[in-house]
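Read through the structure below, which is laid out as structure tokens, and then see the notes.
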């Protein structure tokens with residue numbers, strides 16, 4: 001009986017904590033142009049959207065990592081995908097056309113290593129990885 005109560009309370013707390021992940025992307029009523037992330041229930045992953053700067057809802061994260069931490073299971077190295085070398089590893093990194101400042105990783109063909117660069121939040125190319133580990137898995141091994 002104690003186990004049942006514990007599981008019921010744990011389940012309720014988890015559902016309440018992550019209930020906002022089921023909300024739709026809500027840009028709000030203001031007119032700013034702020035790249036943000038929300039969890040898309042239908043796709044089962046975090047997606048970028050443009051936030052207006054006010055109102056909205058709790059399914060609104062400044063970084064992709066914050067969204068994933070709140071709404072998805074932790075990634076394992078096996079979740080990473082190999083990249084097409086010509087499009088995902090060979091091009092020089094592109095910061096994109098937005099003005100955010102996200103640390104990302106790209107594969108440098110000259111050094112044969114994954115290196116950090118600053119990503120603006122939208123646009124760019126496929127040589128753009130969220131972690132050094134993901135970049136290395138995609139391009140080095």
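Using N, Cα and C of the backbone, Cβ positions are placed for all residues, glycine too.
Over in Swiss-Prot, the protein carries these features:
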type	residues	note
SIGNAL	1-15	signal peptide
DISULFID	21-71	disulfide bond
DOMAIN	21-71	domain 'BPTI/Kunitz inhibitor 1'
DISULFID	30-54	disulfide bond
DISULFID	46-67	disulfide bond
DISULFID	89-139	disulfide bond
DOMAIN	89-139	domain 'BPTI/Kunitz inhibitor 2'
DISULFID	98-122	disulfide bond
DISULFID	114-135	disulfide bond
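Of the listed disulfide-bonded residues 46, 122, the Cβ environment within 10 Å is emptiest of other Cβ atoms at 122.
Long-range C-beta contacts of residue 114 (disulfide bond), restricted to its own chain and to partners at least six residues apart, with a cutoff below 8 Å, comprise 105, 106, 107, 108, 129, 132, 135, 136, 139, 140. Counting in whole angstrom, residue 21 (disulfide bond) lies 9 from residue 67 (disulfide bond) by their C-alpha atoms. Comparing Cβ neighbour counts within 10 Å across the disulfide-bonded residues 21, 71, the minimum falls on 21. Neighbour density at the Cβ, taken as the number of other Cβ atoms within 10 Å, is lowest among the disulfide-bonded residues 98, 135, 139 for 98.
For the domain 'BPTI/Kunitz inhibitor 1' (21-71), the model's average pLDDT works out to 92. Taking DSSP states H, G and I as helix and E and B as strand, the domain 'BPTI/Kunitz inhibitor 1' (21-71) has 10 helix, 15 strand, 26 coil.
For the disulfide-bonded residues 30, 46, 54, 89, 98, a Cα to Cα distance of within 10 angstroms from residue 71 (disulfide bond) holds for 46.
A strand conformation is recorded for residue 114 (disulfide bond) in the three-state DSSP classification. Take the Cα of residue 46 (disulfide bond) and measure to each of the disulfide-bonded residues 30, 54, 89, 98, 122: the nearest one is 122.
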